[in-house]
Amino acid sequence: MNAYEVNFDGLVGPTHNYSGLSFGNVASTSNVSAASNPKLAAKQGLQKMKALYDLGFKQGVLAPQERPDVASLRRLGFGGSDAEVIARAAKEAPTILAAATSASCMWTANAATVSPSADTADGRVHFTPANLNNKFHRSIEHPTTRRVLRAMFADETRFAVHEALPAQMHFGDEGAANHTRFCADYGQPGVEFFVFGAAAFDMRYPKPAKFPARQTLEASQAVARLHGLSEAGVVYAQQDPDTIDAGVFHNDVISVGNGEVLFHHQQAFLNQADVLDEIARKLEARGGRFTAIEVPRAEVTVEEAVKSYLFNSQLLSKPGGKMLIVVPEECRNSERVWSYLQKLAASGGPIDEVRVFDLKQSMQNGGGPACLRLRVALNQAELAAVNPKVLMSDALFASLNGWVDRHYRDRLAPEDLADPQLLIECRGALDELTGILGLGSVYPFQLA
């Protein structure tokens with residue numbers, strides 16, 4: 001049975017703004033207080049989805065969340081009507097209001113970790129929504145994420161959508177941004193690669209000194225257990241703490257994998273040679289031949305990688321076996337990074353094509369092409385069981401573009417977050433969207 005990788009991109013929400021909430025994410029904190037353009041952000045994301053769909057890749061959409069999250073504000077002691085809750089939070093705790101209004105769920109690489117049926121003990125596709133415990137504004141996402149995923153992957157004979165891990169620092173989980181999978185074919189058993197920043201209980205592992213390590217070893221191990229993965233099909237690796245301190249807050253900022261290929265920086269992992277050898281051995285046992293493409297720091301420094309988001313790219317398998325790499329415009333703006341990419345495409349290796357997308361609205365918050373998508377490997381029967389309304393088509397693209405035009409502002413400044421009308425606009429937009437995507441009632445305001 002044929003199998004495919006489907007990329008489910010996050011649809012940017014109506015409250016997309018620059019509040020600088022993500023300590024350790026250099027782009028996020030560098031653009032704090034700038035005015036954003038939610039309409040442009042959503043359209044940039046949609047254009048990437050449509051372009052890849054037009055190239056023949058399987059593409060889906062993951063809905064944004066209700067923001068501001070009034071329920072979270074109420075839990076923090078802000079009372080009254082919805083408008084009064086927002087007004088009081090704006091006056092007494094504007095940073096908390098900004099966190100409750102964040103559109104960060106657009107980066108669906110953090111939505112969940114996904115294991116395909118070929119890897120799991122029960123033969124189902126498994127999803128574990130990430131608790132995103134390290135940042136308050138992201139930690140409130142997972143209940144809605146789970147409801148949305150269950151509306152998309154509703155057939156419980158084929159799909160298992162777990163609850164998030166305990167929302168506690170020892171099990172800090174950032175989802176697929178620290179996970180990739182190697183395989184000879186998407187429908188064959190593969191090797192799942194879990195990257196962590198620190199261990200919560202084992203003091204032998206080093207930790208970064210400046211920025212937090214958001215993913216723990218214990219969280220990665222728990223997800224592997226939940227998904228029923230075998231030891232023969234799992235590799236754990238620790239990200240180099242120095243790269244975390246250089247702004248590599250998720251592993252998808254310093255490496256990207258697909259199929260039998262890992263594209264990574266020289267300083268991506270601790271004990272890098274041993275890590276690569278373990279992947280190669282385990283993949284060979286599952287019928288694959290591993291290729292590691294290592295970018296030397298002499299050609300691209302960690303700092304250049306962070307600024308350009310070279311590794312926060314998408315590797316996509318083309319017919320014939322070669323791969324396309326999707327990078328943000330910032331890579332073309334860096335002379336050394338662009339020079340490296342041109343050399344890479346001409347090298348005769350597995351990556352032979354580079355595609356550039358303008359994702360500036362997302363990039364200014366620290367999210368490139370890889371951040372915006374959740375990869376789900378599905379066989380034909382599983383793909384047929386997915387809610388068809390969330391799969392990209394010419395009609396869905398036109399419908400979503402019109403939806404954005406009707407509901408999104410083209411400018412959102414920090415002071416606008418105090419406007420109670422923003423909540424009304426967001427709820428109206430999402431109520432219509434659940435109809436377009438066939439999700440049913442998934443948002444708190446719909447469930448009240």
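Positions of Cβ are set from backbone N, Cα and C atoms, glycine also.
Features of the protein shown, as given by Swiss-Prot:
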type: BINDING; residues: 19-28, Asn110, 137-138, Arg214, Asp252, Asn365; note: substrate binding site
type: ACT_SITE; residues: Glu174; note: active site
type: ACT_SITE; residues: His250; note: active site
type: ACT_SITE; residues: Cys371; note: active site, nucleophile
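On the structure: features taken from Swiss-Prot.
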residue	record	Cβ neighbours (10 Å)
Ser19	substrate binding site	26
Asn110	substrate binding site	30
Arg138	substrate binding site	23
Glu174	active site	30
His250	active site	27
Asp252	substrate binding site	30
Cys371	active site, nucleophile	27
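For the recorded site, His250 (active site), the DSSP three-state label reads coil. Annotated pair Glu174 (active site) and Asn110 (substrate binding site), C-alpha to C-alpha distance, rounded: 5 Å. Cα proximity to the residue listed as 'active site, nucleophile' (within 10 Å) is found for the following binding-site residues from Ser19, Arg138, Asp252: Asp252. Of the recorded residues, His250 (active site) and Asn110 (substrate binding site) place their C-alpha atoms 9 Å from one another.
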